[in-house]
Amino acid sequence: MEEVNQTVVSEFIILGLCNSWELRAFFLLIFSSLYLITILGNIFIVLLITADLHLHSPMYFLLANLSFIDFCLSSVITPKMITDFLKENKTISFGGCMCQIFFGHFFGGGEMILLVSMAYDRYVAICKPLHYSSIMDRQKCTGLVMTSWITGFVHSISQLALIIKLPFCGPRELDSFFCDIPLVIRLACMDTYSLEMLINADSGVLATICFILLLLSYFYILLTVRLHSKEGASKALSTCTAHITVVVLFFGPCIFIYLWPLHITWVDKFLAVFYAVITPVLNPAIYTLRNKEIKNAIQRLRC
């Protein structure tokens with residue numbers, strides 16, 4: 001039996017966002033603040049919706065789950081990135097890298113399906129208001145949330161299963177601030193072109209399908225409201241525009257990174273920051289601060 005003289009990689013070197021200490025100090029302040037806002041904002045939304053009986057409806061049940069997923073998704077990547085700003089030599093263990101990949105795709109895939117579920121909820125509420133209670137019952141809402149979690153898990157475990165057994169024997173530098181499949185797979189000691197196309201297609205197709213479904217939902221919502229009321233159309237357009245902004249910021253980077261990869265390092269880092277750090281901050285603001293019922297719930301909480 002022939003032995004192969006290879007050194008198995010036990011950790012990866014993370015190059016981070018930048019090398020300049022001044023920029024790292026600036027990013028440390030910015031991303032620490034954003035992460036704190038993300039954590040406090042999303043936890044507050046979950047607790048508020050749970051505690052206030054007026055918010056026990058399908059829309060807010062889905063919103064609470066979105067806030068929980070955003071809390072988890074942000075916590076997969078951001079804390080490690082923040083602590084790395086303080087280090088000259090940044091590394092992550094092989095196991096830690098695989099965990100980042102698994103949980104990043106688990107929560108990211110789950111959020112995609114949940115956003116589609118929320119758009120479907122709004123579609124039923126506006127386009128079929130007389131049947132809303134019967135369509136969006138407790139069983140349907142629970143099923144939609146379970147579908148998002150199961151889809152995220154199946155998507156993530158299928159991705160991880162394809163790369164965890166790949167031979168990694170060097171190089172071991174990741175030119176990013178976290179572990180992600182397109183970067184890690186290029187470090188394998190074998191030809192991974194076909195595998196890379198398969199994995200990228202998996203994530204890219206999921207993101208694209210969800211993105212198209214979301215746009216179709218909002219299109220039908222706006223069309224229905226416009227036919228009934230010009231004033232309502234203006235209000236719906238304002239709300240949908242804000243929601244679509246979050247959707248584009250979350251799905252746009254995912255589609256470009258996986259389905260149409262540019263392989264331009266600074267662009268990939270820029271896009272990754274949006275869906276991993278910026279979007280979890282925007283969701284609480286977009287979906288709650290502009291919402292009248294949430295504002296009323298906060299007022300009741302103060303009293």
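The backbone N, Cα and C atoms fix where each Cβ goes, glycine too.
TrEMBL does not curate its annotations; it predicts them automatically.
Positions annotated as transmembrane segment by TrEMBL: 25-48 (among others).
Annotated domain 'G-protein coupled receptors family 1 profile' per TrEMBL: 41-287, in sequence order.
The annotation transmembrane segment is assigned in TrEMBL to 60-82 (among others).
Cβ atoms under 8 Å from those of the transmembrane segment (102-120) belong to residues 59, 62-63, 65-66, 69-70, 72-73, 76-77, 144-145, 147-149, 151-153, 155-157, 159-160, 178-181, 203, 206-207, 210, 213-214, 217-218, 243, 247, 250-251, 254, 275-276 of the same chain, restricted to positions at least 6 beyond its ends. Annotation comment: TrEMBL describes 102-120 (among others) as transmembrane segment.
The annotation transmembrane segment is assigned in TrEMBL to 141-164 (among others).
Sequence annotations record features per position, and here TrEMBL assigns transmembrane segment to 204-225 (among others).
If you look up TrEMBL, you'll see 237-260 (among others) marked as transmembrane segment.
Annotation source TrEMBL lists transmembrane segment at 272-290 (among others). A Cβ distance under 8 Å defines the sequence-distant neighbours of the transmembrane segment (272-290), meaning residues of its chain 6+ beyond its ends; these are 17, 31, 34-35, 37-38, 41-42, 44-45, 63, 66-67, 70-71, 73-74, 76-78, 81, 104, 108, 176-178, 180, 239, 242-243, 245-246, 249-250, 252-254, 257.
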Sequence-distant contacts of the transmembrane segment (141-164), meaning Cβ under 8 Å and at least 6 residues beyond its ends, amount to 58, 61-62, 65, 69, 98, 101-114, 117, 120-121, 181, 184-185, 188, 195, 198-199, 202-203, 206
Other same-chain positions with a Cβ less than 8 Å from the transmembrane segment (60-82) and lying at least 6 residues past its termini are 16-17, 28, 31-32, 34-35, 38-39, 41-43, 45-46, 49-50, 92, 100, 103-104, 107-108, 110-111, 114-115, 117-118, 121, 141, 144-145, 148, 177-178, 276-277, 279-281, 283-284, 287-288, 293
